[in-house]
Each structure stands twice: as structure tokens, then as C-alpha cells.
């Protein structure tokens, strides 16, 4: 009888794809996949080790699932960034863990299970710079109508606060034809929205083709029959070209949405972070985006409490956010991570002050977001239906301006039944801080 396996994926969408590949490999080798951890013989926890909060979440989940060894569970395997980061130390600190699989070793998951079933406790790290293996299968775990596509792995940016290059290796683009093929397979399975992800999507192609190819990739993806929305996440501001802006503007399938994690606006702090841009360049880029794509939704993320961030720097950041009025904003407190240059900087900001600054900016953004959402009242927008919440009358969905998990939702009332995965026109009638409410317009659905 085949072993049953449960995979728990923590952290970002890029990590989720690694988990989906492990599921594909296990399925290919005849393992029984289960969504119920209590019924599993083997549990794989695909961990995040990016910042302190993510490490704590991963450790807590490992300990929680380790309790199942009192019952049916035979093996507990830790994969992903936490395993890559701490390797043998993790195995020594957590006796309930049977094996560690690094970010360069998940393709060996079957071998790891075989060896641990023989009583060995092993560490399978692998090569974090290995080329992307296009032959590995993948089982999609997101909603059937929406899927992530990882267009590269690794990172060459070396921001001083970030451990990712040490966990994921150098930047490695996938071949364009393989990405197109994956998109077509997803479309054949009913996917309507694809979300392009990487540590840096704007760098796509430079290592393979000696030029940036994100715009060309978007144009090719838009030719895939069945795909209706193409969304781009994780764009570095200094890499957003006029060509990319023109593609977002002119390609009907590319969502009028862009995610640009700027991290700060103070040129002093940006230099300390080793970010290759300045406040003036960020402002110029945002003005160019708004001018060329008038209805574009801009998401960004900010780090507060970076070492050396003075009250003056923070006030500059606050004024910047008030002035720019981002459509979507995530604010994170700086996490002092061992092995990063920023961890050695003087003037580390106290935790209480970091949290206070985060709260101030999120309250500011809440007001900005509400005012922006109110502008949608009376407008008709396209909404991708994601869930039925009241039988045949009320639904949850997302607009082109909302990425899954991180952005808002649209509450939709309908006089006719709608299907999950359907894109419908919705007239917006009310607005909340982050969400919209509206009524379906049924003569134009697809």
C-alpha cells in the first residue's frame, strides 16, 4: 500500500510552486496525496526562513505537526528556505524531524523519503544554482481559474537586509518557450488568470538572452488561448522600462496593475539597503506610469525601522506616502537577519519604535485606500468570480486591481447564478477600506 503524503507550504507564492512540484513528483512515483495531515504517513513542511516572523511560524508548524508522530505519522520532513538556511543545526534542534531538504534539493524528495524510511536522518541540500528543471511535474493547488508561474529563480540584487541570494542562488531565468508551454497547459485546465512571479520579474531574460525579455514574454503569453488576465508581481523600480510600460498600456490581457516593492523613499536609507534607485527616480517612475496608464493600480511594500532610519527619515516616508497615494501598500518592520550586511549596521531601531511606525503608516494607508475605493462607486469593472457565499445570489471576486491573498476583494450580488472562474462586469455601489461591493451586469460576462 503506497504511503500517504501531506505537504504544508508556508511563506510566499514562489515557495508554493516548489511545494506543487514536490506534489507532482510524489504523485508521479505513486504516493497517495492527502489534504488531511492526520491521515498522512509522511508530512513535508515547505518552510519560509526570510524574516524572524516567518521563521517562528515555520518552527511552530513543525512542532505542531510533529505531535502527530504519536499516532499514524512516520516521517516529518522539513523543506524550503528554513532548511536551506540552518541545515544540520535544524536537525539537531528538532528531534521530531527526520530529514532536511534545501531549496536546491526538492527534486530529490522521493530519494529522501526512501532513505528516511530506512531509519536514516539526512540533510539533502543540493545545488541552489542548478538550472530550472522543466521536466518536473507540478500539481496546481490554487483555485482552478488562477495560477502562479515562476519565470525565474534566485536573485542577483543583494539588498543588504535580504538573505534570499544565499537561500535561492543566483538569478536564473526559465526559457521563454517553456513558460509559454506551461501557460498553455494551465489554460487547457481552465486557468484564466496567470500571475508571473520571481524574486525580480523585471530582470527576466538577461542571463539567457543578454537582454531583458519581460515585455516580449508578456506579448507571447497574451497569445495563449484561454488566458484572459496576466498579472505581474515583484518588479524592481529601476528595471521598469518604457517598453514594459507600453506593454502594460497596450496589451489588453495584461492587468493594469503593477507590484513595485520600493522599500523606502529616503535616498539615504535606499543606499544603506543597496537599492539601486533614489527618491527622485521613484517619483519620476510613478508619474510616468500614471501618465501612460491612467487607470493603473500600483502596489508597493515598505520597510520601516531599517538601521539608521531617523525620525526625519520616517517623516519623509510618511509625507511621501501621503503625496503619492499608492493604491495598495504593505508595511513591514525591519527584521535583523544574521548573515546579512544590514544586521551589522549601527543604529538598530528598537522593536517598539518599528511597530509604532508600521501602525502609523498602515492607518494612513487605510484612509488613502478608502478614499481611492470610493472613486469606484458608480463605475463598472471586470471581476473574476472566486467563491459563492450565498446560494446563487452572492459571490466574492477580484478585480484586475487585486492580486490574490495580498489585496482586496469585491462582494458581488447577482440576480442570475454565476460560476467560479467567470469574469463578469460589476457596477460598484459601495466601498470599504480595502474592498468593494457591487451588482453584476449580466449582458457582458465571459
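Along the chain as shown, the residues are counted starting at 1.
Glycine residues also receive a Cβ, built from the backbone N, Cα and C atoms like all the rest.
Annotated features, as they stand in Swiss-Prot:
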type	residues	note
BINDING	12, 48, 81	[4Fe-4S] cluster 1 binding site
BINDING	155, 159, 162	[4Fe-4S] cluster 2 binding site
DOMAIN	3-118	domain 'MTTase N-terminal'
DOMAIN	141-371	domain 'Radical SAM core'
DOMAIN	374-442	domain 'TRAM'
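Per DSSP, the secondary structure of the domain 'TRAM' (374-442) breaks down as 1 helix, 37 strand, 31 coil.
You'll find the Cα of residue 81 ([4Fe-4S] cluster 1 binding site) roughly 13 Å from the Cα of residue 162 ([4Fe-4S] cluster 2 binding site). Taking the Cα atom of each, residue 48 ([4Fe-4S] cluster 1 binding site) and residue 155 ([4Fe-4S] cluster 2 binding site) are about 16 angstrom apart. Residue 81 ([4Fe-4S] cluster 1 binding site) carries a helical DSSP state (H, G or I). Counting only residues at least six positions away in the same chain, the Cβ atoms of 48, 50, 197 sit under 8 Å from the Cβ of residue 12 ([4Fe-4S] cluster 1 binding site). Taking Cβ-Cβ distances under 8 Å and a sequence separation of 6 or more, the neighbours of residue 155 ([4Fe-4S] cluster 2 binding site) in its chain are 162, 164, 165, 168, 170, 171, 199, 200. Per DSSP, the domain 'MTTase N-terminal' (3-118) is made up of 63 helix, 26 strand, 27 coil. DSSP classifies residue 159 ([4Fe-4S] cluster 2 binding site) as coil under the three-state reduction.
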